[in-house]
Amino acid sequence: MYPAHLLVLSAVCVSLLGAANIPPHPLNLINFMEMIRYTIPCEKTWGEYTNYGCYCGAGGSGRPIDALDRCCYVHDNCYGDAANIRDCNPKTQSYSYKLTKRTIICYGAAGTCARVVCDCDRTAALCFGDSEYIEGHKNIDTARFCQ
């Protein structure tokens, strides 16, 4: 093997080792993003729904500021309820679902962690699709508006 080949091979191995330390997105988050993309208007991206209002994004406090923020509030509470199911972590729980005819179908036995989490995400995604997106409610001053 030529020295140049060894150098390239070494670089590839180092790159792969570095990539192995990057934590993957939980499958649940990917599923939820796909549901949101399926239900929201084409001109919006799922990312526009993070840091919206008082509850869309990490955490939440105060009263929801509009219908869309209320979707996130209900979703947060739904995840809280799901977390009470034995061995259930809603943020990492995988589940099965189907996107069809402008709706979302969740599979699995009723009451199981997977089904409850899927239903939480389904309800929120459909709610996003039915709620008005107000540009001025993105990246609001939560210390001021969410008490």
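Heads up, residue numbers simply count up from 1 along the chain you see.
Each residue, glycine too, has its Cβ placed from N, Cα and C.
Sequence annotations record features per position, and here Swiss-Prot assigns signal peptide to 1-19 based on sequence analysis.
Secondary structure from DSSP puts Cys146 (disulfide bond) in coil. Annotated disulfide bond per Swiss-Prot: Cys54-Cys146 (among others), in sequence order, evidence recorded as similarity to another entry.
Positions annotated as Ca(2+) binding site by Swiss-Prot: Tyr55, Gly57, Gly59, Asp76. In sequence order, the list of same-chain residues 6 or more apart from Gly59 (Ca(2+) binding site) whose Cβ falls under 8 Å from its Cβ is empty.
The feature disulfide bond is assigned by Swiss-Prot to Cys56-Cys72 (among others), with similarity to another entry given as support. In the three-state DSSP scheme, Cys56 (disulfide bond) falls into the strand class.
Taken from Swiss-Prot, the feature disulfide bond covers Cys71-Cys127 (among others). According to DSSP, Cys127 (disulfide bond) sits within a helical segment.
Taking Cβ-Cβ distances under 8 Å and a sequence separation of 6 or more, the neighbours of His75 (active site) in its chain are Tyr55, Cys120, Asp121, Thr123, Ala124, Cys127. Residues annotated as active site in Swiss-Prot: His75 (among others).
Under the heading disulfide bond, Swiss-Prot lists Cys78-Cys120 (among others), citing similarity to another entry as support.
Listed in sequence order, Ala82, Ile85, Asp87, Cys88, Pro90, Gln93 are the same-chain residues at least 6 apart in sequence whose CB falls under 8 Å from the CB of Cys113 (disulfide bond). DSSP assigns Cys113 (disulfide bond) to a helix in the three-state reduction. The disulfide bond feature in Swiss-Prot is assigned to Cys88-Cys113 (among others); the stated evidence is similarity to another entry.
Every protein chain considered, the tally of other Cβ atoms within 10 Å of the Cβ of Cys118 (disulfide bond) stands at 26. The disulfide bond annotation in Swiss-Prot covers Cys106-Cys118 (among others).
For Asp121 (among others), the entry in Swiss-Prot reads active site. Asp121 (active site) falls within a helix when secondary structure is assigned with DSSP.
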For Cys72 (disulfide bond): intrachain residues, at least 6 apart, with Cβ closer than 8 Å: Tyr49, Tyr52, Gly53, Tyr55, Cys56, Gly57, Gly60, Pro64, Ala124
Looking at the disulfide-bonded residues listed here (Cys78, Cys106, Cys118, Cys146), whose Cα lies nearest to that of Cys71 (disulfide bond)? Cys78
Counting only residues outside Tyr55, Gly57, Gly59, Asp76 in the same chain, those with C-beta within 8 angstroms of the Ca(2+) site's C-beta centroid are Cys54, Cys56, Ala58, Gly60, Cys72, Tyr73
Where Cys118 (disulfide bond) and Cys78 (disulfide bond) are concerned, what is their Cα separation in Å, rounded? 10
Of the disulfide-bonded residues Cys54, Cys106, Cys146, which one has its Cα closest to the Cα of Asp76 (Ca(2+) binding site)? Cys54
